[in-house]
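The structure under discussion appears below in the form of structure tokens.
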Amino acid sequence: MESTLGLEIIEVVEQAAIASAKWMGKGEKNTADQVAVEAMRERMNQIHMRGRIVIGEGERDDAPMLYIGEEVGICTREDAKAYCNPEELIEIDIAVDPCEGTNLVAYGQNGSMAVLAISEKGGLFAAPDFYMKKLAAPPAAKGKVDINKSATENLKILGECLERTVEELVVVVMDRPRHKELIQEIRDAGARVRLISDGDVSAAISCGFAGTNIHALMGIGAAPEGVISAAAMRCLGGHFQGQLIYDPEVVKTGLIGESREGNIARLKEMGIDDPDRVYTDSELASGETVLFAACGITPGTLMEGVRFFHGGARTQSLVISSQSKTARFVDTIHIQEQPKYIELK
């Protein structure tokens, strides 16, 4: 799968990032997302595969493109027999976020990117559109920190794993009212907090790389993005745990059902009998082979954002593989018309 699709998925996120970056700073978050969706879908439909969106832009009735259950790839066409040999057919599940951090793009802020994860059919958890409590940490802490422990306990363990004092640790938390007590506990324990407005996928992945000055992600965010983060951390060997949040009193946003009991019933209808289950990265991204790809839209911790020059653009992307145990940073110059010059830096 990696040798066949590795380069292709880089081009998918690159095209989405370039399209979205053209709307950077214009205050139009919906447009920035829409053009990324269109570009990502167009490029995926040029790939020799039969792909199924398991995490996308929403349910079929709510999303015109890249909706959950949509099939993409050349081998989904009506005339697919002319192009696809059944014996060589690659069937994959796909999780996408064409513009992770739409507000960041709209207001010209750092940290947005186009992301996707793929695995063989059945290899990615089809997360409901709920919230998820998340804990991400570096490979050294894998299996040692635990989402059921307090932040104070986890920070002590994390410090020991990284041979740092708690005061030297930086924890990323989304700046939301629901995290007021968590933020205070982290500070009381002695660690430092980096608050972000959006984009916790980037924060989770950054835990897997030394030198980012991000040592953990804690708190509650969207469940679909949790699966994408888990896929990346599975490839990196980092620690990731997620637990679905079904109690509206916890998030206080009105974006999930109004009743706790109703949400539990909805999860049961989706085949989730234990709503309190804690999922590991290997359970959220359980496939034999998992690939993750991201391309910076605006500058971030790991990648530069899209830079335009006359006649083209320059992108920085990341592709991580569970199969080859590699993380490749890809610097690409896109020549779209005869340029006056090529941007080298």
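Every residue, even glycine, has its Cβ placed from backbone N, Cα and C.
Lifted from Swiss-Prot, the feature list:
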BINDING   Asp33, Glu57  Mn(2+) 1 binding site
BINDING   Asp97, Glu100, Glu225  Mn(2+) 2 binding site
BINDING   Glu100, Gly101, Thr102, Tyr131, Arg176, Pro177, Arg178, Asp198, Gly199, Asp200  substrate binding site
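Recorded features from Swiss-Prot, shown on the structure.
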{"residue": "Asp33", "record": "Mn(2+) 1 binding site", "Cβ contacts under 8 Å, 6 or more apart": "Ser20, Pro98, Cys99, Thr102"}
{"residue": "Asp97", "record": "Mn(2+) 2 binding site", "Cβ contacts under 8 Å, 6 or more apart": "Ile55, Ala114, Val115, Leu116, Val201, Pro224, Glu225, Ile228"}
{"residue": "Glu100", "record": "Mn(2+) 2 binding site", "Cβ contacts under 8 Å, 6 or more apart": "Ser112, Met113, Ala114, Val115, Asp198, Gly199, Val201, Ser202, Glu225"}
{"residue": "Arg176", "record": "substrate binding site", "Cβ contacts under 8 Å, 6 or more apart": "Gly219, Ile220"}
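DSSP assigns Thr102 (substrate binding site) to a helix in the three-state reduction. Glu57 (Mn(2+) 1 binding site) sits 25 Å from Arg178 (substrate binding site), counting Cα to Cα. Other residues of the same chain near the Mn(2+) 2 site, with their Cβ within 8 Å of the Cβ centroid of Asp97, Glu100, Glu225, are Gly101, Val115, Gly199, Val201, Ala222, Pro224, Ile228. Secondary structure from DSSP puts Glu57 (Mn(2+) 1 binding site) in coil.
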